[in-house]
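Participant: Quick one: this structure, given as structure tokens, is what I'll be asking you about.
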Amino acid sequence: MTGFLDALADQAFLQRALLAGMLASLGCGLIGPWVLIRRMSHLAGGIAHAVLGGLGIAFFLGGSPLVGAIAAAVVVALLIGLIHLYWETQEDLLTGALWSVGMAVGLLFIYDTPGATTDLMSYLFGNILLVSARDLWFMLLIDMLVLGIVVLLHRHFLAISLDEAFARSRGIPVAATYLILLILVALSVVLLIRVAGLILVMALITLPAAACSLFARSIAALTIGATTLAISCTTAGLALSYAPDWPAGPTIILVCAFAYGATLILATLRRRIRHPLAR
């Protein structure tokens, strides 16, 4: 740990990595609770894996991978949202198909692009140590956009999450609100690609929120708790991975999993202490 702190004071790439972890954690804290409440983890997973299609096309055309990722994430989010709204009986099948087709398209374009396979690994598994100053500004922009929309529409999000029929009776545009929420999930997935990669991104979105949901009593408390825990986990994972030269992304995910396991045990112990006769 001392070696990490010493290096942090001197190494610009570590400072950028730490800032990237904090910015990514803000996205986790803002979106994770809604993914948890709406039980959207499988939909968000479909978005994450289908993003590979946008990355592959961007590599093939020589464009920006992040622009390709955003375009693919938003398009797939809208498609998944429309499937949920109009073909709910086929939702699992069609979401799985989008997941697979997106990855297949991405892999074909990437393997047909010389030199792109090297970059593929950093997007699949993340490499927070390669974050540039431009990436940080990009992450900050997405965070501010997501934060602004969540603050503006949080009552709408809560209403459609608890009771869609009631929300509709109050004049809330349920379909439009749901699609906006999915787009925010898509943007958060792109935000986290550099930190955890497409394969592990869902764990970073859901685990901090799931851990804090065991103790939080309001959406605000859950959001603040998930953000704080995500910052702690990304910082701890980055520090733990430094000395043994482990990949930072998987280490961060393991720290998140450990934190969730610890809070689950604490919540169980607290419940048994308060209600000793309950099983």
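Every residue number used here counts from 1 along the chain in the order it is shown.
Every residue, even glycine, has its Cβ placed from backbone N, Cα and C.
Checked TrEMBL, it gives:
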TRANSMEM  12-36  transmembrane segment
TRANSMEM  43-61  transmembrane segment
TRANSMEM  67-86  transmembrane segment
TRANSMEM  93-111  transmembrane segment
TRANSMEM  136-153  transmembrane segment
TRANSMEM  174-193  transmembrane segment
TRANSMEM  199-216  transmembrane segment
TRANSMEM  223-242  transmembrane segment
TRANSMEM  248-269  transmembrane segment
Participant: Under 8 Å, at least three CB pairs between the transmembrane segment (67-86) and the transmembrane segment (174-193) (pairs 6 or more apart)?
Facilitator: yes
Participant: Under 8 angstroms for C-beta pairs, at least 3 of them, ignoring pairs fewer than 6 apart in sequence. Is the transmembrane segment (43-61) in contact with the transmembrane segment (174-193) by that rule?
Facilitator: yes
Participant: Which range wins on Cβ pairs under 8 Å with the transmembrane segment (136-153): 12-36, 174-193, 223-242?
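Facilitator: The stretch with the most close Cβ contacts to the transmembrane segment (136-153) is 12-36.
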